[in-house]
Structures are given as structure tokens and as C-alpha cells.
Amino acid sequence: MNFPRIVIAGISSSSGKTTISSGITAALTKRGHKVAAYKCGPDYIDPGYLTLAADNPCHNLDSWMLGKDAMTEVFFHGLKNREIALVEGVMGLYDGYSGERPGGSTAEIARLLSAPVILLLNISHMAESAAAIVLGYKNLDPRINIAGVILNQAGSLRHYEICRKAIEKYTSTPVVGYLLRNKELAIPERHLGLKTTSEGGELASFIQNLAAHIESTIDIDRILNIARNAPPLPERPCPYLFPETPARPVTRIAIARDEAFSFYYQANLDMLSDWGAELCYFSPVHDTCLPENIGGIYIGGGFPEIMAAELSANQAMKTALTKAAEDGMPIYAECGGLMYLSEAIEDFDNNKYLMLGLLPGVSVMQKKLHRLGYTRAAVQNDNILSGKGTELRGHIFHWSKLPSPKTKPAYTLLEPAEYAGQNEGFIIGNSTNVLASYLHLHFGTNPDLAKNFIRVSKGFYAI
């Protein structure tokens, strides 16, 4: 199967991947192309920009969490009704799980998808030396097809031309465009990285302005040509994560989505929907009641610490969620969702805001990142998503700390080594119907996660 596709990779973090990937995606969309957008790795924020730019949900591709077949299935799933795929890389091109185990790198994903790569290079502090960097990236792994280069943070057109000529002379790799230094093109950041698209503001106009800049200095037609000359796609895996025909809805699951909670893998939502859950959305910040006739609740991660005052003040929603938990409704809360279920959130300025109180203890924001990285875990006790002994892969990234309450633990961490043996996650409620954890799970690691959540939700309310 032939399908145009391109990977936008950087030589490091902060090389401009999200800015340029979003701009190219928006430029292609503006021209009428239906773009399937993807983000390598476990990040939640960058996909929001790509979703906005493509006007279509972005999927995460993670070969460490999912493995080759599941990751490839997610890729094919995202191609439906699209005509070109754009994949934004993660960190530097070759950065993966570790030096000895390079799984999860942009290079590995590009290789598994047989996709050509456009390499981004920040040239703000170099000239001809840019050629040496590109040459090194090309020679490190000849299996990776670096088909073009984009130069970011050029000081002037003359600066760009010096770098372009050197790269094309010494590497025979075409330079397909550049961006000048321009603070107006910088995406705002906060403690978890870039600001999320769910926080509102003028992001739609920002994306369109970005697309206009991209079109003026980057050769979109040349990028299209590179994408169209990609080799045939690898064989499509047999359906495993998604049913060939979506199941009839058997229950309704409410998804918390607003400025406070927006961290969801699109595949998680699609798997729930395709395996039999009708999804409905609500806002813990703005709504005063839960959607009617629901069998389960999913509260993802996000920035509850930024919206803590508003969450705390919405007593009607807190009461509704507490009652749902006490009534035995299945509730799954990840990271920011876990913080919302705790007694209170203490923000960076030591202000304390009361939350639901389903989970004993106060979630306290730390001055530095508390835990970060890929994680393997074994299920320690049966819960609404998985049975005892199941091994899961996920990702942890949080600045808050919650003293371990005396509740039943959900998981035992196996990896990385510094966390091995630690308990993670909490099972709460008289009927153990609430699961809260800092561990972000991609349901593609095990489709039974989605199926089990649907099963227990149907047990509470069936359509």
C-alpha cells in the first residue's frame, strides 16, 4: 500500500518540532489536504497543536509502550479518510528509551513505518558546522532516510544561505526551507512544557499565522513530493486493538475535558468507543452536574493545579462526583485526575484548595519535577481496568506529590530501576470501584483495559 507520509524530526528537544510540524500541517490543511497527524512518544500537549492544525484528532505513536504491531495498528487506524500522514518526532532523532535499548525513538518509528525524514536544525549559533551535524545524523544509521533539512532560527537570509550551501555540498541532502528568528512564532510554555490548546486564547489565529510564515519560507510542494515518494507501507497488522466493525454501544462513559483535564490518548477514546462505550463529555470546572445515564467516569491528566480555585469552588460538581463514587460507579482517574480525587491541592504558592476527598492526603506541587519516565508495572490487586498479575507499560510525568495513603495499592512498579518495588496507584471505594494513579496508560498496551472498563461500566448502567 502506498500512502504519502513524512516524519519531522529534530536533532534535540526545543529544536522547533512542534512549531514547524504544526505550521506545515496547517499549511497542507489550508491547501485542502486531509492530514493524518501523529506525535512520537507519550506527550499529550503537542498532539493538541497538531489536532488544531489538521482539524482532525492526532494520535500518539510509541514503539516502547505499544510495541511494533500495536503501534503500526494505531498508525493505520489514524489514516482513515486521510490522504497524507505527518509524524512529529520526539526529542532528538535517535533518542529513545535508553542508549542500550533505543526503543521509542523517532528513528525507530520512521524505520518501522518506512517513512522519509525531514531533519530540523537550529542554526542560531553556527554556520558551516551545520553540515557536519547533518552528515553525522545521516551516517549514524543508513537505514533512516533523511530526505530533507529545514533550518530554524536563522539570523538572516544570508545566514541561511551559508548553512544551506554547506549542507547541500557536504551531505547531498536538500534543504527545503527555513524559519527566521521570530518570538511571535514561539508557543507559550509552562512547567509541563508547552501550554495546552484546551487553555483557549488565540491559538487558532496563531496556527494560521504560523502556516503563513511557513508557506513563505518552506517549500511545501517539495515536502509533498518527498512524502509522495515514500516506499510502500509495511503490512497492516491483523486487527487487535480496534474491532473490524465498531460494536454497538452498551453503556455510556463520561469523559472530563476542559482547561483542567485534557490529557487523553486519542486511541484510548477510540478504543472505548469502538468496543461499545458511548462517550459523553463534561467539565469539572464549568458544569454543575454529570451527564445523565452514565455507567463510568474517566478523568484524565492535565493542569488541575492551574484551575484549582475554580475546581474547588464548583461544589455542585464535587458533590455529584462524590455521590457517583459512593454509589459504586466505576471511576478511573489519571495523574491530574488523581489530584482532583485527593483531599486538596496545594499549588506552587502554597495555596491550598479543597477537592473531592475520595483519596486521603493532599497533592502538593513540588518546586521541581517529581517523577518522569517510561514505566513498567505489575497489577498488584484486581481493579476496574485490569486483573492481578497483568503487566502494563505506561509513562509517569508529574510535579505533585501525594503522601501514600493507607488504601489498597493498584500496581507494583517494575521499571525503571530506581522505582522498582514501589507501590503505585490506589483502589478506593467500598466496592473498589475507583482507580486513581499517576501512571498514564495507553490502552494499546493491552486492549483488555478498554474492554474491562466498558464491562464494569455496563454493570453499573447498561443502554
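Glycine too: its Cβ is placed from the backbone N, Cα and C atoms.
Among the features that Swiss-Prot reports, active site, nucleophile is placed at CYS335, with the record citing similarity to another entry. Among the features that Swiss-Prot reports, domain 'GATase cobBQ-type' is placed at 252-448, with the record citing sequence analysis. Here Swiss-Prot flags HIS440 as site 'Increases nucleophilicity of active site Cys'.
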| query | What's the CA to CA span in angstrom from HIS440 (site 'Increases nucleophilicity of active site Cys') over to CYS335 (active site, nucleophile)? | reply | 7
| query | Tell me, what is the mean pLDDT of the domain 'GATase cobBQ-type' (252-448)? | reply | 95
| query | What is the total of other Cβ atoms whose distance to the Cβ of HIS440 (site 'Increases nucleophilicity of active site Cys') is within 10 Å? | reply | 22
| said: Around the C-beta of the residue listed as 'active site, nucleophile', how many further C-beta atoms are within 10 angstroms, looking at every protein chain? | reply: 26
